[in-house]
Amino acid sequence: MLDSASQNTGLGSSRRDTLSFDNARSNSRQYNDPFSRVTSSFVSEDIPDAVSEKDLGNEYFKQKKYKEAIDCYSRSIAFSPTAVAYANRAMAYIKLRRFQEAEDDCTEALNLDDRYIKAYSRRATSRKELAKFKESMEDAEFALRLEPNNQEIKKQHADAKSLYDKAMLDKVSGALKSTVKGTQKEVKLDTKKNGGSIHPISHITQKSGPAKGNEQQIPAKESYIMEEVDSNKIRSRAQRQEADGSSSSNNVQHVKRNQKGSKQHVQTSIQQLASRAASLATAEAAKNITPPTTAYQFEVSWRGFSGDRSLQTCLLKAISPHELPKIFKNALSTALLIDIIKCVASFFNEQMDLAVSYMEHLTKVPRFDMIVMCLPSTDKDDLRKIWDEVFCGEATPMEFAEILDNLRLKYCLGQ
């Protein structure tokens, strides 16, 4: 037993020694192999990724090396597109006055994060430089809604609004000048057609008295005849002048009547053309409505259709009710909520099932409870009136009336 044990012990010791040697040889081979050293060194180095490229771009931006920064941000986007990388590259483009590219990058950033304030602000700057004053004002206004106490955004919004107002004033002034010139040309043409040119009438005065030079004595009889002839001539001239004056006066009145009629005709034609143009524009706009995918896109389109409930209805119906929470996220405002409800009420009687579905899914928008709780009293009164007169009217079927009664509590209107 002992020998055997001794033999076994010796064998085990021999195997352990062999194993130790193999490990040592293996380790020696690993450290002596040049390829292993290169591979190990390569793996230990930092591999570029989206974050490191973005950070490097930020360093270049601080050094005012904007082209190099753009290259880094572009590589970061290629690794993994983020709203921050797009917005940072947009800022570098702005520094190089490449405003169209900056606008495009900001739009990409907002497609990834529709509540990214810096992207709205930088796009507002780009659009201002591109003379897109209305869009610039809308971007700044939306950013201000997300962060009302941001003084920099407040100033940007005020500047954008001022530029937009000035552009609109210039546009209206130009249109008025064109209209006035057109009217003046029509009046001049009308005057020429009717022979309405008016010339001043020169008054003829006759001086009497002895002629200078060779004086001749005229007999009394002949003198009387001459005086009578002269008086007849004067009377005939006066009658002709009176007739001419009457004719001129009639011409003036005729021209004035024609001018007045021409102006009324022009105004009527302009109104008819404007009405037809508005109808065509509405029909064309309804055809070209693109379903919005973000709260910003929805609100911009909604405001663009302000005053036209039919187009706003088309915009709302372009969105499936269950998409509302996804689109609005945390960006639904009190004013927009009330306006959407008023729009839903306008087609409630024609499409009750769709209208009720919109009202249901609005309650699923994030922060809905907080928005409803903070409704001003005037908005609550309007909402209560809509509910009582439209949603819970006598024509509402029982199946929808029950759903609306339950929703009434969610809209904080009580029973």
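Each residue, glycine too, has its Cβ placed from N, Cα and C.
What TrEMBL says about a protein is an automatic prediction, not a curated fact.
A quick note: this is a predicted structure, and the numbers were derived from the prediction, not measured.
Under the heading compositional bias 'Polar residues', TrEMBL lists 1-12 (among others).
Sequence annotations record features per position, and here TrEMBL assigns region 'Disordered' to 1-26 (among others).
Same-chain neighbours of the repeat 'TPR' (50-83): 89, 91-93, 95-96, 108-110, 112-113, 116, 119, counting only residues six or more beyond its ends whose CB sits under 8 Å from a CB of the stretch. Taken from TrEMBL, the feature repeat 'TPR' covers 50-83 (among others).
Helix, strand and coil residue tallies for the repeat 'TPR' (117-150), in that order: 27 helix, 0 strand, 7 coil [DSSP]. Among the features that TrEMBL reports, repeat 'TPR' is placed at 117-150 (among others).
Under the heading region 'Disordered', TrEMBL lists 182-216 (among others).
Among the features that TrEMBL reports, compositional bias 'Basic and acidic residues' is placed at 183-193.
Per TrEMBL, region 'Disordered' is recorded for 233-269 (among others).
Per TrEMBL, the feature compositional bias 'Polar residues' maps to 244-253 (among others).
According to TrEMBL, the feature compositional bias 'Basic residues' maps to 254-263.
Counted with DSSP, the domain 'RNA-polymerase II-associated protein 3-like C-terminal' (291-380) comes out as 61 helix, 0 strand, 29 coil. The domain 'RNA-polymerase II-associated protein 3-like C-terminal' annotation in TrEMBL covers 291-380.
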Chain residues outside the repeat 'TPR' (117-150) and at least six past its termini with a C-beta under 8 angstroms from it: 83, 86-87, 90-91, 93-94, 97, 99-100, 102-103, 106-107, 109-110, 156-157, 159-161, 163-164, 167, 296, 299-300, 303, 331, 333
Average model confidence [pLDDT] within the domain 'RNA-polymerase II-associated protein 3-like C-terminal' (291-380): 91
